[in-house]
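In what follows, a single structure is set out as structure tokens and then discussed.
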Protein chains: 4
Amino acid sequence: MKRIGVLTSGGDAPGMNAAIRAVVRTCIQNEMSVIGFKRGYNGLLMRSENEHEDFEILTTRSVSDKIHRGGTFLMTARCLDFKEERFQMQAVRNLKMLGVEGLVCIGGDGTYKGAEALNRLGIPTIGIPGTIDNDLAYTDYTIGFDTALNTACECINKVRETSDSHERVSLITVMGRNCGDIALHTAFACGAELFMVPEIPWSIEDIAERVKWGVMRGKRSMIIVFAEGALQSLTSDIPALCKEHPDLKDISVHHISSSQVAMIIEHLSGQETRATVLGYIQRGGSPSAQDRILASRLGARAAELLRDDQGGLAVGIRGNKIIEVPLSEVQNGTHAADTELSQLINVMAVMTKS
Amino acid sequence: MKRIGVLTSGGDAPGMNAAIRAVVRTCIQNEMSVIGFKRGYNGLLMRSENEHEDFEILTTRSVSDKIHRGGTFLMTARCLDFKEERFQMQAVRNLKMLGVEGLVCIGGDGTYKGAEALNRLGIPTIGIPGTIDNDLAYTDYTIGFDTALNTACECINKVRETSDSHERVSLITVMGRNCGDIALHTAFACGAELFMVPEIPWSIEDIAERVKWGVMRGKRSMIIVFAEGALQSLTSDIPALCKEHPDLKDISVHHISSSQVAMIIEHLSGQETRATVLGYIQRGGSPSAQDRILASRLGARAAELLRDDQGGLAVGIRGNKIIEVPLSEVQNGTHAADTELSQLINVMAVMTKS
Amino acid sequence: MKRIGVLTSGGDAPGMNAAIRAVVRTCIQNEMSVIGFKRGYNGLLMRSENEHEDFEILTTRSVSDKIHRGGTFLMTARCLDFKEERFQMQAVRNLKMLGVEGLVCIGGDGTYKGAEALNRLGIPTIGIPGTIDNDLAYTDYTIGFDTALNTACECINKVRETSDSHERVSLITVMGRNCGDIALHTAFACGAELFMVPEIPWSIEDIAERVKWGVMRGKRSMIIVFAEGALQSLTSDIPALCKEHPDLKDISVHHISSSQVAMIIEHLSGQETRATVLGYIQRGGSPSAQDRILASRLGARAAELLRDDQGGLAVGIRGNKIIEVPLSEVQNGTHAADTELSQLINVMAVMTKS
Amino acid sequence: MKRIGVLTSGGDAPGMNAAIRAVVRTCIQNEMSVIGFKRGYNGLLMRSENEHEDFEILTTRSVSDKIHRGGTFLMTARCLDFKEERFQMQAVRNLKMLGVEGLVCIGGDGTYKGAEALNRLGIPTIGIPGTIDNDLAYTDYTIGFDTALNTACECINKVRETSDSHERVSLITVMGRNCGDIALHTAFACGAELFMVPEIPWSIEDIAERVKWGVMRGKRSMIIVFAEGALQSLTSDIPALCKEHPDLKDISVHHISSSQVAMIIEHLSGQETRATVLGYIQRGGSPSAQDRILASRLGARAAELLRDDQGGLAVGIRGNKIIEVPLSEVQNGTHAADTELSQLINVMAVMTKS
């Protein structure tokens, strides 16, 4: 191929810029030109009044001073229309018009669906896993995950200091709607006492029991790491709980949130419990060294695959080696290490009762 | 005096440990001994079964490796009982029993009230301003404020990267129930476009107008810094607004929160708006160089004042000079610089319409 | 005035970009246009082949996304030629040709000399103190100083951890050729045991004695903060010392460096002593909140002064108030707080023998 | 086993505390007790007057609040005596006297030699790779390497800002006497233009040529990452170079250092070149999330192996799986990924001439 495109789609992740840079510079080294499309798949639809709002030619200089920047300078957005084939075909026409022969799509699960569709319609595509959630089972790591862990650990460290000073329990919500990887790894790395993830059923009563037991063991403060999506695997009967404990009558049983979970834990355990939601902070920040390295290796490989006229693949890392798998075989999912980690957290936090 | 006490009370603030260290080491240099009381005024009431839970003798070694640590190793807590004179008198008896002749109380407005009471009852006390809120008008800065600003700026920087990538408005809630100093200084230092503080009336309609105007001016993303207490000065008629805009019918008009403010802004301005609450992260972290220096200077002065048998004073900094004022004259309040800053923010953000 | 220029000169300092931004946005608010000159006074001489290399018109957009960036996007350089009047006059001619009526010069002592010359030759100039060294006596703080302190403290914290693990003395060289402010404030903020600055005479023998005394007092590791320029005030007779201690015969008596000072301390005290030079790391980094605020306030004031046709002034901060003094009265120098700080360091480090 | 020992030896590395914590807590979970020996193998020789200086019993509480701390609370030191068998046998006697049946030794290559000797003499030992250098070929990563990369990247980022402002070349020396892994990964992650490592021959003339070529390509500033040990693979004839260029006559041909390399590059390329040595800063700092996780996994496995009466093994990670190999087969060395990385750096920096 002589000309390819690149875009970032879905939630932004630190390291996306490093991946774009690697795609661009590998292409230029191989005498290929690169067009950067803006706002994910929206850029392919070319609906802006000003063409420059949809795409631009990327040179060596365009990606200078970008490797260490968070976010994505190509911007990102959801594109609901792109689920429809007529818009996918519009994109194919636009790409052909611009002479773009292949496309690198950086993002998560949703991004890969779009990439697969384009590939099916005749534009060879390569997916690069750019998402902090680490929720793609075919690769050990996704770009942004390592940075998100470090950011979460730094934040939790700050919360722990104030927790210690006040002898409180802190329940800290981290990202992860369907995948508990951020929560699990963060909890392990921070020495958290407890964690809740969507993959493992849990009850508030049990958590409260364990908090009481931790206090008995002399713990002055405790950290509970809570994955956004952990409410999915909550087994407690909240209405029954609230009926049993009249003080909990203000709890909304329809819209239970992590701060209400904290309230119930406080009530059941007798320990002051405060909720903190890390939120968008986790997505930002200069990418870690490992994320920059991973992004650069994956970006280079993606460009080489298109150079060699291969498409329909997702690149990833397994056991420190760059791999590629068919986009059609990629599925959302979690990783095998989870059981080892979740057991180790219990051992390390000295929260298992023998 | 030959023996004094020290305690930290109220919300913890980075630099409290540096202040305790300075008190202890200045005392030892002056051949005075120091007792550290735990959990604020609770320690003075000596209600724990184990004496060591209430107080301990602090040596040079006790405060080693502490200057750079966030939180307070003496712990802190509220003590509602201490508002009653009988408990204050109990504390005086306990202090006398231990041979403690004076007391350094590190904290905010509530802490100063307790210190004033003890002083009236015959224990000379010195107040050190330890609170991130900077809400003590007699001193230019309180211990922890500078660190909190730096922490908030780092967090907002991360949010801005993801905001830019998604072309969103981000509404970021920072601490400050009655005092907008953190919000104002953070907004200024981060180059935020807009801010809301308890001292200045504001309406959601006006904010939404300004967001629209910013978009017209070409701003791809905007940062709005929101002080926790800013709802106090909200002038909008929320029920009327919600009636006017049927899409807003889910807004609770009783319990409006910053995330609901974000929702209304999004609705009125047509710009995607996301809320982030920084929360307890702002209290933690290794104190900044300036906070360590301020805390050390204030701690040293407090110890010297008690050495010279002076009490009933609060120490502070004005125009880079350490000062002391009578505790009875200290009042909660904001600072004169506010008008200058709030005007400058508008100029810098290019958000004023001429 | 309707059009002014701005430049940064001398060593770069974090916050310079924030100052340029404030100048530009204040001007635009006041309907003045701004030209940014590149590489300090070199830009005024317009010697590049490409005009764009010498200057550019700065708009609101030019200074977007700059407030939090270290360094200076206008670049900086020394310009030896500018000490000669014929080149100063060339600059005046060029400024007039471009319709530039006034100039903001951001930098240190050398920068101010150039600004004063231009002012004398008929171009009103305002100096903004941008230097990490804090070596301008008329202002309490210079832009970049606060950030440099925080950076130095973070670095020293890392060195202290490895020092503690190895039970070593670490001698850490920080910036400051003629002014010990960085060293003094850093030493105080880090809880360093000892410091050497150009303003206070010291001998290696005395330092080694104090190290031995610290070890006797039970200190496992020690931090010594060393200002670059501290060799100026060294009173030891190095050749005599080396003759007395044959193991020191490899010490170059002509070119003594901080790492050789460490070697001599190790020899005289018997304690392993390692040297670290922080170097250029101290100049970089995102400016602290205080530096951004200070830079923005000073930049705004500078622009307002030129708007009001005032020149020949340096702006600064004294006791939290923005002030201006005639450029002709500004002199290099240190600050009054030094004695208080240097005594406090000794008290805090428990390194004074009574 | 019912009682084991643990020690850290050689240079400290961030994550050592996390490894000790994992050993201790896994043991306690398995009803084994743990003794921590201080200052590496010195602790086993029990030469201190005060027994507490040599070792202490470690409880769950001893390792609280340690997972995020840099350095090693057991301290570390070299122990030259331990190369002699009589001292090794003394250690075995001491261990038996204390009822210690096995030993976990955390460190690098030298530490492993001591562990192997003890194992041969009848004390089962497990080695944990704790060294920032990543110079153990049997494991993909050593504890501390990831943190050191992140620290180096942060520092280089700061230097790049000031380099950009001054349009300079910066030559930055990072750790790595025999192994270029830190330099290589750091250079890649920072987007450095050039690097020198002990494994790849290089000449100053070639580097200077490439600097000139980079300037021609429009690079305003460049970063060169230099491994401490890179002088080993320097192929230039320095005396000849200095003779050829009279301005270089002050260069010491015997003791050439990285700052002299910078000087020669400046002379040959005509570009201002400044040297920075990161030094001990790289060893410190709170361990990264990955280092904490790796350290915890390895520590837990080491304890389990001793529990199961296995010894003479080194634990490590390969392809994300914890592995163990006989201590006798572990050899110092570098990793296979190097060629891929070093080629990618050239592509990414656009520094290859086609």
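Glycine too: its Cβ is placed from the backbone N, Cα and C atoms.
Within B:G11, B:G15, B:G176, B:G180, the residue that TrEMBL lists together with B:R78, B:C79, B:G108, B:D109, B:G110, B:T111 for binding ATP is B:G11. Take the ADP site that TrEMBL assigns to B:R21, B:A22, B:V23, B:V24, B:R25, B:G191, B:A192, B:E193, B:R217, B:K219, B:R220, B:S221: the candidate from B:R86, B:R160, B:R274, B:R283 listed for it is B:R160. Same-site candidate for substrate binding, as annotated by TrEMBL with B:T131, B:I132, B:D133, B:R168, B:M175, B:G176, B:R177, B:R274, B:Y280, B:I281, B:Q282, B:R283, chosen from B:E85, B:E228, B:E324, B:E329: B:E228. Candidate binding-site residues: B:D109, B:D133, B:E193. Fewest other C-beta atoms within 10 angstroms, B:D109. Among B:T131, B:I132, B:D133, B:R168, B:M175, B:G176, B:R177, B:E228, B:R274, B:Y280, B:I281, B:Q282, B:R283, the residues given in the record as binding substrate, the maximal Cα to Cα distance rounds to 33 Å. Using a CB-CB cutoff of under 8 Å against chain A, none of the binding-site residues from B:R21, B:R78, B:G108, B:M175, B:G191, B:E193 qualifies.
Residues within less than 8 Å, Cβ to Cβ, of B:R177 (substrate binding site) and separated from it by at least 6 positions along the same chain comprise B:D133, B:P198, B:E228, B:G229. Rounded to a whole number, the C-alpha distance linking B:T131 (substrate binding site) with B:D109 (ATP binding site) is 9 angstrom. Predicted-model confidence for the domain 'Phosphofructokinase' (B:3-306) is 95, expressed as mean pLDDT.
In sequence order, B:S9, B:G10, B:R78 are the residues near B:G110 (ATP binding site), counting only same-chain partners six or more apart with C-beta under 8 A. Checking the binding-site residues B:R21, B:R25, B:D133, B:G191, B:I281 against chain C with a Cβ-Cβ cut-off under 8 Å leaves B:R21, B:R25, B:G191.
Taking the centroid of the Cβ atoms of B:G11, B:R78, B:C79, B:G108, B:D109, B:G110, B:T111 as the ATP site, the other same-chain residues with Cβ within 8 Å of it are B:S9, B:G10, B:G40, B:G107, B:G114, B:T131.
Ranking the binding-site residues B:C79, B:G108, B:D109, B:R274, B:R283 by Cα distance from B:R25 (ADP binding site) puts B:G108 first. Taking all protein chains in view, 20 other C-beta atoms sit within 10 angstroms of the C-beta of B:K219 (ADP binding site).
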